[in-house]
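Here is the structure we will look at, set down as C-alpha cells.
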C-alpha cells in the first residue's frame, strides 16, 4: 500500500496545472492556453490509466527557435529603443537569416512572470513578416501593468518566451479599393506590416488612408517610417492629437494632415468622404476606441461587414 501512495504522489506531481485567468491574454488565440491545458490533462489521464509515464509528452519550451502556437520558444533581445516616455521598441534575434513567417497582422503571445504570477499578453510584431534574422515589437508600458513591470526590466541579451502566431487579417493585394486604417497608440502595430506589404508590391494599387490617434505630437511613434510611407502615391496619413490645442507648434510638414481634439463622428465622415473609393476599415486600439470607431463608422454608412477589428 505504501508503494502505491508514493506512486500516486508521482502522478499528482506530473498532473498539468490549470491556468490562472492572468495567463490568458484574452485575444482569442487558437489554441488558447486553456485548450492546451485540456489536451495535456487528457494525455495525463490516459497515461495514468495505463500507468505508463512514457505517454506524457515533454512540454514547456522548444529550443529550435521556431515560433510554435503550442509551446513557448526562447528569443534573445538584440536591442531596446525608447520611443516615447512610456513606449519602447524591442528587437529580437532569429537564428541565421530566418524569419517569423507571419501573415499580415498576426500577433504573438508573450509570457512573463511577475511576483510569482504568470502573465500572458498578445503583441503584433511591427517588422515585415519576411524580415530576415530579427523581429520587432512595439510595447507601451503602463504604470500599474503586471506585464509592464516585467518588460521594464528587459535589457539587451535577455531571453524572453513567445508562442504563436495567432489571428491576422486575411489581406490580399488589390482585394479592396481602399483601406482605411484607424489606429490608436500602439494599435499602429498591426497596420505597419500591411502598409509595408502594399508599398513593397508594385502591382498592389490599393489606396490606404491611415489615421493615427495620439495624445500629442511628441507621442507619435515611428515618425520617420510613417513619413517615408506617406511619400507613396497611394498612401495618405492623418494624425489626430487629442491633447494638442493648436497646430502652430507643429512642423509645417505635419500641419495640413493633422487634426486636434478627438476623432469624432464629424471628422470620421469628412475622412470617409475624402477616400478615393469606398473603404474597407481596419481598427486597432483599446476596446473603448474600437467601440467608438464602430459607432462613427455606422453613422457614416459603413457596415460591420466592411470592418475588421484587431
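Just so you know, glycine gets a Cβ as well, placed from its N, Cα and C.
The compositional bias 'Acidic residues' annotation in TrEMBL covers 1-11.
Look at TrEMBL and you will find 1-20 tagged as region 'Disordered'.
The annotation domain 'FAD-binding FR-type' is assigned in TrEMBL to 70-172. Per-residue confidence over the domain 'FAD-binding FR-type' (70-172) averages out at a pLDDT of 89.
Residues or ranges marked as FAD binding site by TrEMBL: 121, 123, 138, 140, 147, 148.
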Among 121, 123, 138, 140, 147, 148, the record's FAD binders - longest CA distance, Å: 14
Around the Cβ of residue 121 (FAD binding site), the count of other Cβ atoms that are within 10 Å: 20
